[in-house]
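Worksheet: one structure, shown below.
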Amino acid sequence: MGPHFTLLCAALAGCLLPAEGCVICDPSVVLALKSLEKDYLPGHLDAKHHKAMMERVENAVKDFQELSLNEDAYMGVVDEATLQKGSWSLLKDLKRITDSDVKGDLFVKELFWMLHLQKETFATYVARFQKEAYCPNKCGVMLQTLIWCKNCKKEVHACRKSYDCGERNVEVPQMEDMILDCELNWHQASEGLTDYSFYRVWGNNTETLVSKGKEATLTKPMVGPEDAGSYRCELGSVNSSPATIINFHVTVLPRMIKEEKPSPNIVTPGEATTESSITLQPLKPEKMLASRLLGLLICGSLALITGLTFAIFRRRKVIDFIKSSLFGLGSGAAEQTQVPKEKATDSRQQ
């Protein structure tokens, strides 16, 4: 494995593309490489190749910082989030290889091919940072903490653009609230910002401080014509120079009067209470169904009560008829028994 192993390492290390990033600046990557040398190599590679192997691995990782500067893809710096994302991806693939327990030449091939792919992956992370997160301010001065890949130093970088962030026209009706918003989308990501100061600017080039503090908006309730005019917002920084300046031109519109119209079912004084002046609102289907069900319930109840009353009345008549029939039969029998007795008496008397 001697000469063959050396040629293999050289070939694989040489095919690694110069990439954009500096993952060697992450302490967790340095610790992982030391663990690879002390814990994994002794049981998976001949001892005589350990030193040469680790030198080439470290050079390959350091090669992440060797690249040509490109304003659209790389400026020699990254932020903490991009560095952490690239380091996590590299460490995950390194752990996958060590967990597979691969040995010898196969281990060397997989390791260097993984580094090759990780460089390409990290290049996409850095290009995205350069496009979206590197000095995102379109105006003003943004203070951003960055990491220089050449020396792994972390410093605050000033992204300097024009202090003037333009003028905004604000229209507000009289007797309503005026709100002036001075916050830009990159203010939350910037460092070293202090207070928002709002000034009223007068025609003679003088100005009056209206408010100062951490609040990015100025609110004035129930404005009047005297509140119209020019305002200026200035965001301070630790560098004793403004981070942003925004001008506002406020126009106070005439008061909006809302005319209240009477309800069509309400008759105002002086109007005739004719049928044509009253608008009947049609019932909703739900209310119509409820009213019909209520009517059916009432009708059914009345029919039930009537039927019960009639039944009770008929029952009483039947009972009276039966009683009268029974009593009538009894009196007839009594009369029939009395007649023979009378006849017997007459015969005896004779």
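Easy rule for this one: first residue shown is 1, then count along the chain.
Each Cβ is built from the backbone N, Cα and C atoms, and glycine gets one as well.
These figures come from a predicted structure and were not determined experimentally.
Residues annotated as domain 'Izumo protein immunoglobulin' in TrEMBL: 168-255.
Per TrEMBL, the feature signal peptide maps to 1-21.
For the transmembrane segment (293-313), the list of distant contacts is empty: no same-chain residue at least six beyond its ends comes Cβ to Cβ under 8 Å. Here TrEMBL flags 293-313 as transmembrane segment.
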| With DSSP, how much of the domain 'Izumo protein immunoglobulin' (168-255) is helix, how much strand and how much coil, in residues? | 3 helix, 50 strand, 35 coil
| task | Tell me, roughly as an integer, the mean pLDDT over the domain 'Izumo protein immunoglobulin' (168-255). | result | 95
